[in-house]
Amino acid sequence: MNPEQFTQKEDTIVALSTPSGSGAIGVIRVSGKDTFAVCDQVFYGKTLSEQASHTVHFGTIRNDEGQIIDEVVAALFKAPRSFTKEDVIEVSCHGSQYIIQQVIQLLIGKGARLAKAGEFTQRAYLNGRMDLAQAEAIADLIASDSKAAHQVAMKQMRGGFSKKITQLREEFTKLAALLELELDFSEEDVEFANRDEMQRQLNHLKTAVTDMAQSFALGNAIKNGVPVAIVGKPNAGKSTLLNALLQEDKAIVSAIPGTTRDSIEDEVVLEGIRFRFIDTAGLRETADEVESIGIARAFAKMKESQILLYMFDAVEEKREDWQAQVAQLQADHPDTKVIVVANKIDEYARFDLFLPDGVVGCGISAKEHQQIDRLQQLLIEAVQAHQLSNQDQVIVTNLRHYEALQDTLKALAQVQQTLDLGLSTEMVASDIRTAIYHLGEITGQISNNDLLEFIFSKFCIGK
Ligand code: GDP
């Protein structure tokens, strides 16, 4: 469906665009065709509608009795040179809840209505300021709390991701057009779309879409933190390590609420990447019922993790034992990066860790803070190994986009099957159209009201 069909056109909307609570200033945003008419009725000092776009003006806001509510600054943006492409005024007033309430009430009294969650951004999208993926990136940008999350959201907002999707969509469309041409001339038995060439193109598209879909594991990790489970026998020093890691990053320590004693989650940002550490209950065979519940949870946590830190006590544990444990972990979690950590090396004058081939790890002393930086480096490398190395790479961070890419891949598999079976060109063309449809869902070329409502309702009011 065409986005223009949903334009809300008539209403002029208003909302506080800065966080509620007491800040030094609060910014109230008004957008819509009556913005100037509404604001002129409460703003004193100048007639705003007579001023040029992209100018700021000092004045007072007064109520119907002529009482001054606040001294404010109004910034003017005339359509279409505004965020929503509509007439927009941003009123900066003092940050008191009372003042903000009063000003918004006054504006509503003069004909504006309170904006719904995400409605400003929704209008920006509907009026063609940006596509859907870019609008979603704005929410991510506002929420970004680490360098990597910020980088990815910024790139998406500036359209890198959308460009890639649009480019893919064009390639698909060309292919579909060729096939349809062939259909039109089918009686004449002409094969316009050379089958080898089509196969080559299909493979290319499949690789491109698969790469994007696969980047979601990383994108999700950047957005929500890379889950790292610390596992090992009781007394290996897991809690001590967690404390050491958190101490090195005092500024950004945050315990995640709602976690139970048997698996504590804490976050540390290392070189712009957020790691979410999960200290699991010590792994061992046990007859104790409560402890076994803890262990079952530990196993569940390990499944969710992207990195497993296997920690052992270098004094107590024999090499055969820990190597067997590591081999077992790798076999049980083939998609998870395992890092081996030998703890308590302070007990040795000199410590050598003999790592099996293909296993990374290091010796540390959690208690004495020895080699913690080496471990941090290994963690960063584990994430970077399949990320950000290529600055042009597009990273999918949004579940909705990931699902659309999966649907595209399903449609592609269908295309392949139809081709392999030598079925009619008509069917191939229809499968390709399905793939194009799913790609279009990402940028909003294909959208529907429910989807839009869903996406924008996740924004806060005022965004
Ligand atoms: P967890 O059961 O794996 O969480 O282990 P803890 O962190 O509770 O540590 C178990 C014991 O090992 C405690 O007495 C710690 O003080 C001790 N410990 C932890 N790390 C080190 C270390 O690097 N060197 C030494 N010598 N002892 C440590």
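Each residue, glycine too, has its Cβ placed from N, Cα and C.
What you see is a predicted model, and the numbers here were worked out from it, not measured in a lab.
Annotated features, as they stand in TrEMBL:
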BINDING   Arg29, Glu90, Arg129, Lys463  (6S)-5-formyl-5,6,7,8-tetrahydrofolate binding site
DOMAIN    225-384  domain 'TrmE-type G'
BINDING   Asn235, Ser254, Ile256, Thr259  K(+) binding site
BINDING   235-240, 254-260, 279-282  GTP binding site
BINDING   Ser239, Thr260  Mg(2+) binding site
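Cβ contacts within 10 Å of Glu90 ((6S)-5-formyl-5,6,7,8-tetrahydrofolate binding site), excluding its own Cβ and spanning all protein chains shown: 18.
Residue density at Lys463 ((6S)-5-formyl-5,6,7,8-tetrahydrofolate binding site): 20 other Cβ atoms are found within 10 A of its Cβ, drawing on all protein chains shown.
Checked against ligand 1, the binding-site residues Arg29, Glu90, Asn235, Lys238 give Asn235, Lys238 as the ones with a Cβ under 6 Å from it, listed in sequence order. The CA atom of Glu90 ((6S)-5-formyl-5,6,7,8-tetrahydrofolate binding site) is located 52 Å away from the CA atom of Lys238 (GTP binding site).
A separation of roughly 50 Å, to the nearest angstrom, links the Cα atoms of Ser239 (Mg(2+) binding site) and Arg129 ((6S)-5-formyl-5,6,7,8-tetrahydrofolate binding site). Arg129 ((6S)-5-formyl-5,6,7,8-tetrahydrofolate binding site) falls outside any helix or strand according to DSSP and counts as coil. Between the two most distant C-alpha atoms of the annotated (6S)-5-formyl-5,6,7,8-tetrahydrofolate binders (Arg29, Glu90, Arg129, Lys463) there are 18 Å. Between the CA atoms of Lys238 (GTP binding site) and Arg29 ((6S)-5-formyl-5,6,7,8-tetrahydrofolate binding site) there is a gap of 50 Å. On a Cα basis, Asn235 (K(+) binding site) lies 56 Å away from Arg29 ((6S)-5-formyl-5,6,7,8-tetrahydrofolate binding site). There are 13 other CB atoms within 10 A of the CB of Asn235 (K(+) binding site), with all protein chains counted. Mean model confidence of the domain 'TrmE-type G' (225-384) amounts to 77 (pLDDT, 0 to 100 scale). Sorted by the number of other CB atoms within 10 A, the binding-site residues Arg29, Arg129, Lys238 start with Arg129, the lowest.
Lys463 ((6S)-5-formyl-5,6,7,8-tetrahydrofolate binding site) sits 49 Å from Asn235 (K(+) binding site), taking the CA atoms of both as reference points. Each residue contributes its Cα atom, and for Asn235 (K(+) binding site) and Arg129 ((6S)-5-formyl-5,6,7,8-tetrahydrofolate binding site) those atoms are 57 Å apart.
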